[in-house]
Amino acid sequence: MKKTQQKEIENVTNITGVRQIELWRHDDLQHPRLDEVAEEVPVALVYNGISHVVMMASPKDLEYFALGFSLSEGIIESPRDIFGMDVVPSCNGLEVQIELSSRRFMGLKERRRALAGRTGCGVCGVEQLNDIGKPVQPLPFTQTFDLNKLDDALRHLNDFQPVGQLTGCTHAAAWMLPSGELVGGHEDVGRHVALDKLLGRRSQEGESWQQGAVLVSSRASYEMVQKSAMCGVEILFAVSAATTLAVEVAERCNLTLVGFCKPGRATVYTHPQRLSN
């Protein structure tokens with residue numbers, strides 16, 4: 001490999017989650033070039049020494065991912081149930097080693113499932129079909145949002161995708177205040193993982209992140225709705241469409257679900273009473 005190519009590779013590795021590889025363009029199959037590609041690695045969540053789940057994810061913000069996954073899957077009730085966390089390399093990927101309280105670990109062992117995930121898959125490894133759409137405590141109606149504030153947020157969603165800007169290969173999830181300001185966001189090759197990262201961070205931000213809604217760059221699947229509801233999110237905006245099961249779960253748990261969010265337009269699937277225009 002040429003020295004200039006090697007230097008470019010060294011530079012790009014400063015951006016977590018991106019790697020440069022050789023590839024060929026359709027108009028020039030004789031001469032390879034370097035381009036940025038998003039990294040996807042197996043990430044195992046290990047609770048008190050026992051591996052619970054393996055997900056394919058971007059290798060960044062994994063502490064937030066582990067916290068958000070633990071909350072959105074009902075493994076913990078609050079961040080206080082986790083006593084410690086370390087991200088360590090393993091032979092085939094990364095491990096997030098999590099120390100749970102004894103009470104929460106006993107609960108986890110009682111319902112433990114073996115799950116080997118595809119990219120951001122939230123269903124793989126569910127033992128029974130009845131486990132899909134598990135009951136979620138109905139949400140209160142404490143949040144409101146003016147749809148006129150949505151356009152500005154949509155324009156800035158890409159700001160939270162530095163890997164996506166280079167590779168075109170990530171989803172984003174961001175927290176949107178009632179003013180339309182995006183105060184924080186995360187990206188990942190898996191849309192569910194991006195959401196878990198955001199939910200994990202939100203759980204640590206306190207009151208400043210309690211008022212508002214989630215905005216995601218992807219479609220809204222039932223897992224996205226269920227994870228949001230499990231973490232007390234009342235309004236979920238998605239850039240793409242929603243599935244029928246997502247709508248059913250949102251209706252049942254009192255979540256306001258909005259899809260096809262583009263400048264000047266939005267489709268409200270459930271509970272429009274939280275919204276104004």
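Yeah, the Cβs are placed from backbone N, Cα and C, and that goes for glycine too.
Annotation source Swiss-Prot lists active site, cysteine persulfide intermediate at Cys121, citing sequence analysis. Feature annotation from Swiss-Prot assigns Mo-bis(molybdopterin guanine dinucleotide) binding site to Phe260, Cys261, Lys262, Pro263, Gly264, Arg265.
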Only counting partners 6 or more residues apart, tell me which same-chain residues put their Cβ under 8 Å from the Cβ of Lys262 (Mo-bis(molybdopterin guanine dinucleotide) binding site).
Leu154, Val239
Number of Cβ atoms other than its own within 10 Å, given for Gly264 (Mo-bis(molybdopterin guanine dinucleotide) binding site):
9
Return the residues near Arg265 (Mo-bis(molybdopterin guanine dinucleotide) binding site), defined as same-chain residues 6+ apart in sequence whose C-beta is under 8 angstroms from its C-beta, sorted by sequence, else 'none'.
none
Around the Cβ of Cys261 (Mo-bis(molybdopterin guanine dinucleotide) binding site), the count of other Cβ atoms that are within 10 Å:
22
Which of Phe260, Pro263, the listed binding-site residues, has fewest other Cβ atoms within 10 Å:
Pro263
List the residues in the vicinity of the Mo-bis(molybdopterin guanine dinucleotide) site, defined as same-chain residues other than Phe260, Cys261, Lys262, Pro263, Gly264, Arg265 with C-beta within 8 angstroms of the site's C-beta centre.
Leu150, Asp151, Leu154, Ala266
Where Gly264 (Mo-bis(molybdopterin guanine dinucleotide) binding site) sits in the secondary structure, as DSSP reduces it to three classes:
coil
